[in-house]
Amino acid sequence: MKKRKSNAVNAAQVLESSVSPILEINYSDPLFTLAAHPTEPVLISGLVTGHVFCHRYDAEALEEKQSARREQLLLQEKEAFKKGKVSQISKSVSQSKNPWWTIIKDHTEVPQESGVVASWKTKRHKGSCRHAIFEPLESSVGENIFTVGTDHIIKKASSETGKVVGKVDVSLDFPNSNDSITKLCHSATNSCLLAGTENGHVLVYDSKNLGGSKLKYKVSSAHDDAVNHILAMPAVSAYHYLTLGSTTLSHIDIRKGIITQSDNQDDELLSMCFATDQINDGKNDTVLVGHGEGIVTIWKNSKNRFMDQLTRIKVNKEASIDAIIPTMNCDDDEMAASVWCGDSEGLLHRVNYKKGKVVETRVHSSSRGKYGAADEVGLLEIDYDYRLISAGMESLKIWSNEQNEEIALDESDDSDDESDSDNSEDDLSSGSLSDTASDEEIEENKEEEDEKEDKPVKIDHPLANRSKKGLVGVSKHVTKKKQIDINKLTKKGKEEEEEEQPQKKKPKKDQLSTKQLRNMQKHEHGIRRFDDL
């Protein structure tokens, strides 16, 4: 048993990326939605309580602090290794006992010298805040945010101040009074704001005139169940969108209705995106879809008009792919062909869809949380500088764009050692919308209580005036959590014999093959539901 535990740790160290977060924010109430400003270091978070918070962060300072702290800890660990105090130098990010990135223990109490500032906060919705997005129009990109809650109200607010500038009660347009909004999507070329519902309908409003506008378009029964995702297709038409719901993918024209609907996939379709190279080339032909059974499928309009999947990529057999997003990084072909996936086991996977496999794994959460197992990754965003942002209901992490050079070199050496025997073997994956109404006009006829609740509170802590050198050390978690093994991606199988490694200058333990690493891993999976939220 002791040997098996040691092998599991070795597996985690080999499979886990050395890239670490630069910032971690923990939430005292469940986090339901997240939005990253497309051009500035600004985050919007919506909670189950209906509160919306706006945080601004100094990314460069956080990167510098994280790098310096990591280097310091690495030197300390090397010294301890030389003195025999530790048996090995750990490369694992998730299993580190001394996290080197900045940690905010409570989103409501941000330390002054943390590199993060809360710009404003407000009680935006009476129920929970279900979705939040930034305005993507080129003429006003990021100037406004749209949020929707279980109170059935879509609100448009200034992203700088949080002040409401427009809103609409969508319940008046529900065919069934029991319906509710699940997802929002804004066109990148016009003022159409789409809202998907739990009963599978898509409602379209004019975002420039929310206060006085009526329903502009409606697509009834786009799906038999809740709309899980809406994706604009600007390269095809300003009125064409893809929607996911239950077990089908639909291609819709918001003016005319459903164009095509896929075959039943016998598996819930949860998330989708276009790859970076497709977006960069102005194409909307290939879409990647995350499934409830832990796979990512590839669909092409040019092949079968999105009627069925063409290829599937295995990601995590025992988890659902709850979120997927393109890297938005065109610096090299590898990143351009990759998408990030977040699963229900708290893991992050970078999938190269052209290679048809997982090429990088990170760990958002590896410990038991307040709501059950590991903090499930249900939210993914890319910040203004292509940093990955992952979030579950308990925490949010902004990941570094830089890889530790020394650790990266060590991993490269390990990879070279195993290249002869494991070059082609990898079972983790398989190849195959009138002017905006004024604030007074909108708010005057409402109850005074609503006005008080929805008034944003501005917090004066200008981040720009803070010196990078004044940042203090890294905060640490106080609560102890039970650690569980990470990267448990495949089921147990028969173990292979270990291959002998060539002698090097320094004694080195026998390297485990990829298949042996997989064989050491177990699975635990459960999908938790928050009813009526």
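Note that Cβ sites are derived from N, Cα and C of the backbone, with glycine treated the same way.
Marked as repeat 'WD 1' by Swiss-Prot: 26-67. Tertiary proximity for the repeat 'WD 1' (26-67) is limited to same-chain residues at least six positions away from its ends with a CB under 8 Å from its CB atoms, namely 20, 100-108, 110, 115-134, 136, 141-142, 145, 147, 149, 151, 159, 162, 371, 379, 381-385, 387, 389, 391-396, 398, 400-402, 404, 463, 466, 468, 471, 474, 530, 533.
Marked as repeat 'WD 2' by Swiss-Prot: 84-130.
For 176-215, the entry in Swiss-Prot reads repeat 'WD 3'. Mean pLDDT, taken over the repeat 'WD 3' (176-215), works out to 94 on the 0 to 100 scale.
Per Swiss-Prot, repeat 'WD 4' is recorded for 264-309.
Look at Swiss-Prot and you will find 372-409 tagged as repeat 'WD 5'.
For 408-428 (among others), the entry in Swiss-Prot reads compositional bias 'Acidic residues'.
Taken from Swiss-Prot, the feature region 'Disordered' covers 408-533.
If you look up Swiss-Prot, you'll see 437-452 (among others) marked as compositional bias 'Acidic residues'.
What Swiss-Prot records for 453-463 (among others) is compositional bias 'Basic and acidic residues'.
What Swiss-Prot records for 521-533 (among others) is compositional bias 'Basic and acidic residues'.
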Statement: For the repeat 'WD 3' (176-215), the DSSP residue counts stand at 3 helix, 17 strand, 20 coil
